[in-house]
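Below is one structure; the comments refer to it alone.
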């Protein structure tokens, strides 16, 4: 038994300079597992609650001392003496103690930090890497794959102070022979994109996730700049590299319309579905996240019927890593993929349940960071340990993003051929 003898919480900073929660779970024998909770900017209304203090005299009200106190008090008291390797029992106990639908009492940030720290401590106690422990918890021991990275190299929307409405423009090195090759390709494209933007006299400052954040004439202008960078890097768009979008449509859905302020265009759901379909015809876009508002299920149905057979349609704000909401999407044939974010649901156990439900229904599962991140690289191990096949963890700069890529390099080196990189086969169409 990997007996928990102490739990400690603390307030640390995320990549935006805002407080977040870190937890240590300490086992008999001195083993320590540590984990941080991430934080989002464009958040779904149905996400589990991130508990913040609201005290304007500290960190502009964003302090997390209440969540930390919950770790050091009731959560610690609850879990002392328990077995860290029994992840389900730990998570269920915390969920039951909280007693709310959205973890509003203890805070999803408090519960998640402890949940992940316990998993890390348990992996050490077993003498295995974290990804191997996660595979065991997932019921798929020894089954691994290296994820295709979806690299966010132009930022807009809530992730940047520019006029671009679509939040993320991503490249996917689907033609790479392994993850290390994919990372190199992405980095080369990133540097060529900087040169393309500089040549156009555009800003090359980066946004929250490390992508460039220039003002552009249109969303399509961003795609054209990326296409030029891909070609300049010596790769063939559509073969070596494909494209993906995160529209984060809930951020520009106003009064029942999709309002692209940067382009001066307003669409109803059918019109916006046509707009997105047009982009997929002109560019090799094989994945679109949050193409409709989180509450516009009718719009999602229109989009799914129009392009869902050939394009991965990912629900982020729509599904919020929640199996109850995902089940509705599966039953109604809304979308065909789920974005997986630990802190939307607030525990490792519930995260694994969402991945399992998605895969059983033929949906893909994309493991994702948040725009407010730390050096914690747990999502890299989650992607490999669940053989999810895809990961979103930002651009090719900022160590809060690169820490995940570097962990994936280490894992690929450890596993060798036991973790295949499947490239284009991970996607639809």
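Keep in mind that glycine also has a Cβ here, set from the backbone N, Cα and C atoms.
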Fill in the blank from the handout: Listed alongside 167, 370, 371, 392 for (2R)-2-phosphoglycerate in Swiss-Prot, from 194, 341, 422, is 341
Completion exercise
Cross-ref Swiss-Prot: Mg(2+) site 289, 316; candidate in list 239, 240, 246, 376 matching that site is 246
Practice task
Pull out the binding-site residues from the set 246, 316, 370, 371 whose C-alpha sits within 10 Å of the C-alpha of residue 209 (active site, proton donor).
Solution key: 370, 371
Practice task
Which residue among the binding-site residues 167, 371 has the fewest other Cβ atoms within 10 Å of its Cβ, if you could check?
Solution key: 371
Problem - Inter-residue Cα distance where the pair is residue 341 (active site, proton acceptor) and residue 371 ((2R)-2-phosphoglycerate binding site), in Å - result: 11
Practice task
According to DSSP, folded down to helix, strand and coil, what is residue 392 ((2R)-2-phosphoglycerate binding site)?
Solution key: strand
Handout entry: Nonlocal residues around residue 246 (Mg(2+) binding site), in sequence order (Cβ under 8 Å, 6 or more apart)
Key = 152, 166, 167, 168, 170, 288, 289, 290, 314, 316, 392
Problem - Assigned element (helix, strand, coil) containing residue 316 (Mg(2+) binding site), judged by DSSP - result: coil
